[in-house]
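Q: Below are the features I grabbed from Swiss-Prot:
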- D138: active site (ACT_SITE)
- E62, E87, D116, D138: S-adenosyl-L-methionine binding site (BINDING)
- K142, D174, T212, R213, Y214, E215: substrate binding site (BINDING)
Amino acid sequence: MIDHNIRTGKAFFGRRKGKRLRNSQLVLIKKLFPTLDINLNNSVPLNLTSLFSRKVKEVRLEIGFGGGEHLLHEMKHFPQTGFIGIEPFINGMAKMLMSLEEHKQYQNQLRLYNDDATGLLDWLPNASLDGIDLFYPDPWPKKKHWKRRFINMKNLNRFARVLKTGKKFRFASDIESYVNWTLYHCSNHHSFEWEAKNPKDWKTPYTLWSGTRYEAKALREGRAPTYLTFIKK
């Protein structure tokens, strides 16, 4: 019997786990994940593109990639971009690894991190990212829990430090209170400017947008997504 609370290197199993993992997923987490994992104990690279075995021209970050569908879509359409994906939930990471096992050509274009995003953000060099995506994060809908939302001034400071000038932070959600919360915080941060000029800009999906499973669920339940884009000044 496989122990689902074992650890592989860093704290990985035994936390933020939903459905029981299949043996094939456990094998990939043990063998494939360590080859893609970003170890924060290592020295910070002077050039972030050196993290990838493929030659890439830029690096983008997606925080909370779920099952990885959007990341796979982006890698297909942007072959000269290296991607860093953060997903603390084990089941989502396992799904991503299964996809990478099937589409091995993307393994040299992606690095993964399975813990708190703030740790990785603090490790990254200044002005090293060409984009940050945060799509359908946990909305913490109860007002007393809003302080737990990922968007806050401290994390926006982190974004501002690692994003290059002129590059984009993209945020999508179907929860109106979180959209308004994000607009408020970004509008009051000196390093970010909202790109929208008219309502169409935040109601229209991003160029080459693939959607996510969370967005599909929102649409089925009658909630309209909002797509925000902020430029790093």
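Any Cβ shown, glycine's included, is placed from N, Cα and C.
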Q: Quiz question: given the binding-site residues E62, E87, D174, E215, which has the greatest number of C-beta atoms lying within 10 angstroms of its own C-beta?
A: E87
Q: Going along the chain, which residues six or more apart from Y214 (substrate binding site) have their CB under 8 A from its CB?
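A: Residues satisfying the criterion: G66, F135, Y136, D174.
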Q: Taking the residues K142, D174, T212, R213, Y214, E215 listed for substrate, what is the greatest CA to CA distance in Å, to the nearest whole number?
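A: Overall maximum Cα spacing for these binding residues reaches 24 Å.
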Q: Just going by other Cβ atoms within 10 Å, which of the binding-site residues K142, R213 has the emptiest spot?
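A: Lowest Cβ count within 10 Å among the binding-site residues (K142, R213) is K142.
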Q: Go through the recorded positions E62, E87, D116, D138 and tell me which ones have a CA within 10 A of the CA of R213 (substrate binding site).
A: none
Q: Between E62 (S-adenosyl-L-methionine binding site) and T212 (substrate binding site), how far is it from one CA atom to the other, in Å?
A: 13
Q: Under 8 Å Cβ to Cβ from D116 (S-adenosyl-L-methionine binding site), same chain, six or more residues apart: give me those in sequence order, or none if nothing qualifies.
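A: For D116 (S-adenosyl-L-methionine binding site), the qualifying residues are P88.
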Q: What's the CA to CA span in angstrom from K142 (substrate binding site) over to E87 (S-adenosyl-L-methionine binding site)?
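A: If we compare the Cα positions of K142 (substrate binding site) and E87 (S-adenosyl-L-methionine binding site), the gap is 23 Å.
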